[in-house]
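Working notes, beginning with the structure itself.
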Amino acid sequence: AFFWLLSLLAASLLWFVSVQLSGREDAALLLLGAAAAVLLQELCRFACFKMLKKADEGLATLSEDGQSPISLQQMAYVSGLSFGIISGVFSIINILADSAGPGTVGIHGDSPYYFITSAFLTMALVLLHTFWGIIFFDACERRHAGGLGLVVGSHLLTSGLTFLNPWYEASLGPIFILTLCTGLWAFGTAGGSFRNVLKCLSCK
Amino acid sequence: MITFMNNSDSEEEPCNERTSLMSAESPPVPSYQDGLQASEAGEAQAHRKRRAGSSRGPNNITGGETSGSGVPVRESALENEEEELTLKYGAKHVIMLFVPVTLCMIVVVATIKSVRFYTEKNGQLIYTPFSEDTPSVGQRLLNSVLNTIVMISVIIVMTVFLVLLYKYRCYKFIHGWLILSSLMLLFLFTYIYLGEVLKTYNVAMDYPTLFIVIWNFGAVGMICIHWKGPLQLQQAYLIMISALMALVFIKYLPEWSAWVILGAISIYDLMAVLCPKGPLRMLVETAQERNEPIFPALIYSSAMMWTVGMAKPDTAARGPSQQTWDAAEDGREHLRSPSHAESQMSETRSPVPTRPVTSLEELEEEERGVKLGLGDFIFYSVLVGKAAATSSGDWNTTLACFVAILIGLCLTLLLLAVFKKALPALPISITFGLIFYFSTDNLVRPFMDTLASHQLYI
């Protein structure tokens, strides 16, 4: 979470400076700022990975049987989840606070579905961050550059799709499909498979 | 092996409790029971420790922690194992500290957001005599700096006073002082707080009910904190007291002064704990020499010290005194009297006789928790509360400060595990908190607001 905040800080700094320099607010600048934010987030995810890796090695050397008590996949999951949580919370908490107060949604001509689509989008984003975390760590561990590229690419794609709001069909639909696909991919990366699922369900 | 010692500077001002981790490795002297006591010579003990560490639950009921710090840490050949133990239990204790700090912050933020009393300006404490209502920015800055100087000097004076009292063994005075402080805190502030909350939610309560409620609350609180009580209840009371104190500070400190004071206090904390002549350090060392716990009622401890298996004949006699000592020790609290009461920092010093060296040969399972000074709680909550109050209603800033403080706490505890001596808990967290507050408020907020207004997600 801390790392995500750092990335957000850096991105905002960039955006702020660019706004000041250009003297006006612009959609293009926003696009730039958003793209920079995405890239910085991925960078921070990488930094998180490095740090966790080092901590993992330290724990492994100290432990009794040479293995660290937390597996890398667990760490990937936790880190992805925390990225997701803080990003989701940051995205939605002001909206939530406002929704508890008086007002009418979309009175100025915006979409009246603002709140609910925000909720769905945030949910998708949280899930996506978790999945990206798993895939990312796995790709870094195995030095699989394709995985890395796909994660970054899909993050950029998601963010770009949200720019199509309020054309919700175009943004929500693809984002959910992306979430599903990424989820399946992450599941596969983490070692799951159809057989595992069956086994788990039948072990009840 | 990490002993956590919290130095509490009780003064009328917010306590500067520092989290100090005392290393338990003073061979001749049992260390304070603060902190993790891990170094037990002998593998058996190490193993027992391991088992003990994980199953301390049921022993938490005794009031206060038993002062279990007497185990001299012996650098044995199992240092590696000890280190590993340290890290493992260190991580557990970090989590154990996260919960109360989070709870305290939640209480403060919830109150600030809902009860308007605490964000209204109704005067200032006498510790901040300069007003910030001046028209010019420079003048305002100057006033806030002067306010800070006044406050910090008050804190320094009180701390030195406390250290002198401790040195010259005026335990009764400190004891009485602390009791008076906690009395006022538990009764007066609770009364005000309850009144304001009831006003906000427009709930009527008659005076007899109010009297009964406050009387019970206060009486149980006094007993829990200064004497014996269930650990959870004691922890809950300490959290509530810290929250009340933090609310008072948020209300009565003018804006810029509050930020400058936060910064100045963390610097002072750093110096007072780490410099060889710093008052807190002297306090800690004196207490260690005398084998006494530091002030009771000024420290939050996350676990009970449970010393079992002392020499048999000793146990009976030592039991009760140890209990009182531990209870007192546990009940430390930082009491800062707000200015409108006379500042009476009561520092409770546990007047208990020095503990005999606890050489645990037998089954000495001590679950040492981590101790954090109440002043640290208070200042963390002040920072987050101020962020909630003055950040133009933005939750992102509050959250960012919250995460920053927790990360700072983590780092501090990590350093504690590495250095194994008393460390100040304020500087790192407060620095992170301040950085994040100012940057989030000014940089991130416009960015996120613009994104949110277009419903863009990053």
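Just so it is clear, glycine is given a Cβ too, placed from its N, Cα and C backbone atoms.
Whatever TrEMBL says is automated annotation, not expert-curated.
Marked as compositional bias 'Polar residues' by TrEMBL: B:340-351. If you look up TrEMBL, you'll see B:1-77, B:314-364 marked as region 'Disordered'. Marked as transmembrane segment by TrEMBL: B:94-112, B:145-166, B:173-195, B:207-227, B:234-250, B:256-275, B:399-419, B:425-444.
Between the transmembrane segment (B:234-250) and the listed ranges B:94-112, B:207-227, B:256-275, B:399-419, the one holding the most Cβ pairs under 8 Å is B:94-112. Of the candidate ranges B:94-112, B:207-227, B:425-444, B:425-444 contributes the most Cβ pairs within a distance under 8 Å of the transmembrane segment (B:256-275).
Under the criterion of 3 or more C-beta pairs below 8 Å, with sequence separation of 6 or more, the transmembrane segment (B:399-419) and the transmembrane segment (B:94-112) qualify as touching.
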